[in-house]
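Trainee: Before anything else, here's the structure in question.
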Amino acid sequence: MSSALANAAPLKAEIRLAQAVSCFEADLSSDQKAALRAQRAESSKSPPDGRDVMRLTAEIDRRTAGKLGGGRCFGPRMTNVLQAIQQFAALGDLVVGGSQNIIACGVWSLVRMTLLSIINLSSYLEKTSTFLMVAGRSAPRYQHMALLYPRSKNLQSQLSEYFIVIVRFCHHLLAMSKKSIFGQLLSFPSDSELKSYQSDLDQWANAMREEVRLLMARNFEEQSSGLKSLIQFSESQSHRQRQKARLRVLEACSTYDHQTTWKEIRKAGTTALFSQMPAYEQWKTGPESCTLVCRGKLGSGKSVMMANIIDDLHLDVQTSQCPVAYFFCRYDISDSLKARTVICSLARQLLNSIPNLTRAEKLIGDTKSVADSKKALDTLRRVLPPTFKAYFVLDGLDECEGDEIPALIKDVQELQNTFTLLVCVSSRLEADNVLRWSPDQFAKHNTITLPDENPDIVAFINAELGRCIESGRLTVGDPTLALDIEDALVQGAQGMFLWVALQIGSLCAAKTDEAIRKALSDLPKNLSQTFARILQKSGELGKDYQTRSLKLVTAAYRPLTTEELREALSVAVGNTTWDQARLLNDISSALACCGGLVTVDEEDSTVRLIHHSVKQFLLGEFEHLDEAVFTIDAAHETMGKTVATYLSYSAFETQLSTGVVPQLERLAESAPHKIIHSTGAPSNVRRLAVKLLQSRKQPDFNIGKVLADASKRFQLSPTDQFQFLAYAKAYWVRHAFYIPDHDTAILGLLPRLGLLWKGKTATDAESEQLLFHAARDGKQIMVTTLVNNGVPVDTIDSQFYQTPLMWASKNGHEPIARYLLDNGAYIEAGDFDGQTPLIRTAANGHNAVIRLLLERGAEIERRDHNRQTPLLRAAANGQERTVQMLLLAKADLEACDMHRQTPLLRAAANGHAHAANVLLNYGALIEWKDKRDRTPLLCAAENGHEAMARLLLDAGADDDATDVDGRGALYLATMYGRGSAMIMNATINSPLIHPEVEDKRLDGYKAVVELFLANGANIDARDKAQQTPLMEAAAQGLSDIVRVLLDKGARVDATCDALRTPLWWAAANGHANVVWLLLVGGANADMGDDNNDMPLTMASRNGHTHVVQVLEDWLQDGERPRLKRRNASSQLF
């Protein structure tokens, strides 16, 4: 039995906690007692909240920086434990009251005093912060604690026991601080004492975790009638009701952990450079919404600066009372790169500063989570008063992709317009980033830029080199070499902390002074060269482990822990037999193959690339990089195969008996490996290994009993035994999508996984999205797996309202369409446009799928929201064989859409002569008119389809037909054509006109004009406004068509109702080339319209200087002879 449990019997835990606090206070000096009592009184009056935790960690780091220097910080290490203590102090007032409140606030006050006092003991700060960091991994931080605490005597007792251990530890540190330096060396907790404290904390934390789990499972049922009255009293004061409302609102807004990333980045270093910049102070004290953009090159320390700004805002007296929200977008956490995640997290942080969230609860309603940022924004607008003021620090906006950046900026802008929101956002200086977003998009922005000559880099280099030399990581024979290293790094840094850190890491690997000097003489010039050299050098330790590790880390949808990565690397792809012997004994050796490009977080042991630029390098996204180390698809493929194999282990299907003590008569070499491994961590295995070696000297030694005893002490749950299992279950569907179709062996595992892990995989939304993608891309095994795994076969995507059957059908995946139909897919489901699978498929001409759908009873005359039938869509897209198939299936030949357009008319408009010919052969009406009286021939003309027009003319189409505006086929060809344009480059008396490169896709309009002219069309036919084809072509600047019309005898000075000539239209619209053609063709430059506005007047009024020059030159010549029209073209060019 542990000392913690042994001491728990005599008195209640709550009483012993009060005694421990009293004992601590008794050992304080008079000044310290006064300070502690003042702090406790203040905390009792206003219990500490999350901002107090941030202020305390920031204060610790500020004082540490002043004493130790070198950028080291320790505050974030203590955050988890401090949050647990803060929640305990807040509990006293919320649900207990009275003396318990004083005790809880006393714990907070004495811990705060202890931590601030040991800053002077710099030699022990490292050990203390490490101890608290480890304790923080299991610290009791539960959002539901305020609701659960009054319902469980066990929980109340366990929580008190936990904080008794904390107070004892602080008391130990207090006693040590009073001694001399030599006495401190002897009295600081030894390793064994620290382990004892740690063991007690872990034991109580585990007990609380189990109690909370049971309470949550019982759905908050009261434990005893005695507690009911306490709860009713709390409810009568509205405490509990407000707490429930608060918790529900905050969880509905966001459950994203925004703080962990801040802690990781903040621990990277300390800087105060920003505080020396006037623009920062102006932003911080701004009375209204404004924005500060912090710019710097890649690896210059922008994120570290942003993390330090958060500390500064919490410590500054002027800003400390304003809520400080923050968010760090992480390249390796996909959810953090979405605008919705950022805005919803911001909403949670801002709402957390509001004491009463009852109104917000009513706005959110019964929803468990806010569906999108729009709902979050609406809640903030209606809950926060106009006088509300807050800060928002946003880092990593550059990492977001696609439409996420503009969407996020738009939402932040909206908030800045609603209340006072001072935003600080970081931005890279790289040229490609400037094109993605601009500071101008934020309210009232100002900019600060990290300089290349950053004084913090000098201090960082000096401190880091000192630490490496003191720790023995960097060994030099000549002491002066340290100065040479410092000088070389300062000179080559160019403002990049990342570059410096990687160079120091590389130098630490050098074994001689000569090797160090050689490295200094050839330092890489940039990050790309640095990464390449590290990969090359570290790859010598194991290229395969290097590549696989980097791929797995890059592909992971959330950072993997070292144990998760260890198991993933141990998977032999395709081998579904779990073999303990393949498990890596030491993950560190595998990570060493990646050099300094990966890092392990000291707190949660997650493995990450050291910087987002490493991912860019690996994927070939760096400028001037010849090729990628691997592609993102290749990384996902590796992870997909790994996860599929891992989840197929037979060990997950059966449970081996572990209750019988193994009687092993033979020596150590016969001990089953899996039994030895069940004893737990590598350190335990090492101890057992030594003990077994010693057993060789004792023939009667019972190895089996030793192993059984060890297994009892280190009994692991299945989840603990298989660390990679949680990640694999959550994300296997996403990764499996990247397994290539040709890898049938791995794909064959997926259906089995779907059954084995049904209901235990990714979220419903993720699985549904993957089903859409699998159906779209023809991944049949993936579709089968997802449907077998419980994804609804008729699930509808939120953007286009399309089902998997629609995706499969319109992309021609007949086997998948058949499978979905066999599993109950609704064949007549309509999407956002009302189009069914048959309509979609007909448009794309996938006849095998069409045949299947018709066989299964799809409605052949089903119409979408535009009243289009499958035949209409097929004809419009020129699907000749599909048109034939549908007509054979008795589709309506003359079905009309909302514009009264038939299949023939749609085919003619789009120039699909072959499809039109099929329709004509079936008897389609050639003179049918739509709502604008356009016939198939008119539609072909207005869209420039010469072959289509010729087909219709040959079939007897009326070439004299006109539309509702009186425009015939010839006129429509000139109205909608876009022939080659010209650019006038005129000098006095010498106009030079140079043709642009013609758009070959539009040559058909000229051919259509020539076709109708050859067929006898009236070249001067007028529409209802009395405009001729030449006027229309001139107005649109269609030089090729103007030339054809002039050559065929079109009236050059014809006028419309407003007495405007072709020249007038060309001049007014600025078409200098057409103006010149018309003048050469005999146009009168002095003919005005009904307002007496001349062509020159209109060109000048509309700013067409080239046209003005042409007309003035022409008019100045006066007697210039007219060229014959038939020679106009050759003379012109």
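A Cβ is built for glycine as well, from the same backbone N, Cα and C atoms used for every other residue.
Heads up, here are the entries from TrEMBL:
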- 269-428: domain 'Nephrocystin 3-like N-terminal' (DOMAIN)
- 541-621: domain 'GPI inositol-deacylase winged helix' (DOMAIN)
- 800-832: repeat 'ANK' (REPEAT)
- 833-865: repeat 'ANK' (REPEAT)
- 866-898: repeat 'ANK' (REPEAT)
- 899-931: repeat 'ANK' (REPEAT)
- 932-964: repeat 'ANK' (REPEAT)
- 1025-1057: repeat 'ANK' (REPEAT)
- 1058-1090: repeat 'ANK' (REPEAT)
Trainee: On the 0 to 100 scale, where does the mean pLDDT of the repeat 'ANK' (1058-1090) fall?
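Mentor: A mean pLDDT of 89 is what the model gives the repeat 'ANK' (1058-1090).
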Trainee: Mind tallying the domain 'GPI inositol-deacylase winged helix' (541-621) by DSSP state, helix then strand then coil?
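Mentor: Split by secondary structure, the domain 'GPI inositol-deacylase winged helix' (541-621) comes out as 41 helix, 9 strand, 31 coil.
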Trainee: Using a Cβ cut-off under 8 Å, which residues of the same chain at least 6 positions beyond either end of the repeat 'ANK' (899-931) come close to it?
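Mentor: Hits for the repeat 'ANK' (899-931): 871-872, 874-880, 883-884, 887, 893, 937, 939-940, 942-945, 947-948, 951-952, 955-958, 961, 1004.
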Trainee: Summarise the repeat 'ANK' (932-964) as counts of helix, strand and coil residues per DSSP.
Mentor: 16 helix, 0 strand, 17 coil
Trainee: Please work out the helix, strand and coil residue numbers for the repeat 'ANK' (833-865) from the DSSP assignment.
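Mentor: When I sort the residues of the repeat 'ANK' (833-865) into the three classes, I find 17 helix, 0 strand, 16 coil.
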Trainee: Could you give me the DSSP helix, strand and coil counts for the repeat 'ANK' (800-832)?
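Mentor: Each residue of the repeat 'ANK' (800-832) counted once, the result is 16 helix, 0 strand, 17 coil.
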